[in-house]
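A quick write-up on the structure given underneath.
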Amino acid sequence: ENISDFSLNITDCTQVVVPEEVFFTVAAAGILENLLILIAVVRNKNLHLPMYFFICSLAISDMLGSLYKTLENIFIILCKMGYLTRHGDFEKKLDDAMDSMFILSLLGSIFSLLAIAADRYITIFYALRYHNIMTLRRALVILAIIWTFCAGSSIAIALFSYEAATVIPFTILFPLMMFFILCLYVHMFLLARSHAKKIASLPTSTVHPRTNMKGAITLTIFLGVFLCCWAPFVLHILLARFCPHNPYCACYMSIFHVNGTLIMCNAIINPMIFAFRSPELRSTFKKMFYCSR
């Protein structure tokens, strides 16, 4: 908030403010959609598989992101109304807790996407050994390790967020993990295309050359949406830390509310992709709605 106020004094760019009605509507939609996925997986025992558990992990991360931006906006409104101060001890602890929630959401999303990509990779290229490699117990252990690491990292980064030595590794981790996942997708594309061509060339084959590419294409959509929604906010963090007094940086930071809204849009888009691309989830949603009626 202080950076936003200062940026108005050194740049001609007008601060872009998202209407509160739009902001809270987007946040509520993201939370409800991801909560619906969690309920569907819990209720349907056929969905108790590693792939859907990794999807639930991503849904939890999206819910945390929407919840973080909602709470932050509420506290900013309370500060403007005079119910909270900007520099009190309670407000400082509250700010650290919300920062920790934001970092937990970001790290959880990155590592959940990585787990989904790895699971899809094993499904495509080690199909006969998949159930031996990716057991339900191993999937739960992987998720426990991911969330333990993310929780510890989020607390440490939030407590030392004013140190450059903390901000730099955090911002480097984002493009590094995205590059690693992208390399994994490219490798999947190349091998899947090669395998599909070999299978399609067999005289008795009825497999379409693009059949094995659907999973990789879906994951590529997830990655693209994730980058478009999270990268602007991560860039905002970098600029706010290293060049807050630069007019060009301040001009970019004037769209802070738009970048925050993009994070919540990611929480809306991901469940829509899951629902339309997973027949089992669609069937579960229908049964849930019919039973409620």
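Along the chain as shown, the residues are counted starting at 1.
Here the Cβ of each residue, glycine as well, is placed from N, Cα and C on the backbone.
Regional average pLDDT for the domain 'G-protein coupled receptors family 1 profile' (33-274) in the model is 79. Annotation comment: TrEMBL describes 33-274 as domain 'G-protein coupled receptors family 1 profile'.
What TrEMBL lists as transmembrane segment is 22-42 (among others).
Positions annotated as transmembrane segment by TrEMBL: 49-68 (among others).
Residues annotated as transmembrane segment in TrEMBL: 102-128 (among others). Distant neighbours of the transmembrane segment (102-128): 50-51, 54-55, 57-58, 60-62, 64-65, 68, 134, 139, 142-143, 146-147, 149-151, 153-154, 157-158, 170, 173-174, 177-178, 180-181, 184-185, 187-188, 191-192, 195, 212, 215-216, 219, 222-223, 226, 230, 234, 266; these residues of the same chain sit at least 6 beyond its ends, with a Cβ under 8 Å from one of its Cβ atoms.
Long-range Cβ contacts of the transmembrane segment (140-162) within its own chain (Cβ-Cβ under 8 Å, at least 6 residues beyond either end) map to 53-54, 57, 96-97, 99-101, 103-104, 107-108, 111-112, 115, 170. Sequence annotations record features per position, and here TrEMBL assigns transmembrane segment to 140-162 (among others).
For 168-192 (among others), the entry in TrEMBL reads transmembrane segment. Within its own chain, the transmembrane segment (168-192) has Cβ neighbours under 8 Å at 103, 106-107, 110-111, 113-114, 117-118, 120-121, 124-125, 157, 212-213, 215-216, 219-220, 223, 226-227, 230-231, 234, 237-238, counting only residues six or more beyond its boundaries.
Positions annotated as transmembrane segment by TrEMBL: 213-235 (among others).
Tertiary neighbourhood of the transmembrane segment (255-276): same-chain residues 4, 15-18, 22-23, 26-27, 29-31, 33-34, 36-37, 55, 58-59, 62-63, 65-66, 69, 72-73, 109, 218, 221-222, 225-226, 228-230, 232-233, 236, 282, 285, selected by CB-CB distance under 8 Å and a gap of 6+ residues from either end. Per TrEMBL, the feature transmembrane segment maps to 255-276 (among others).
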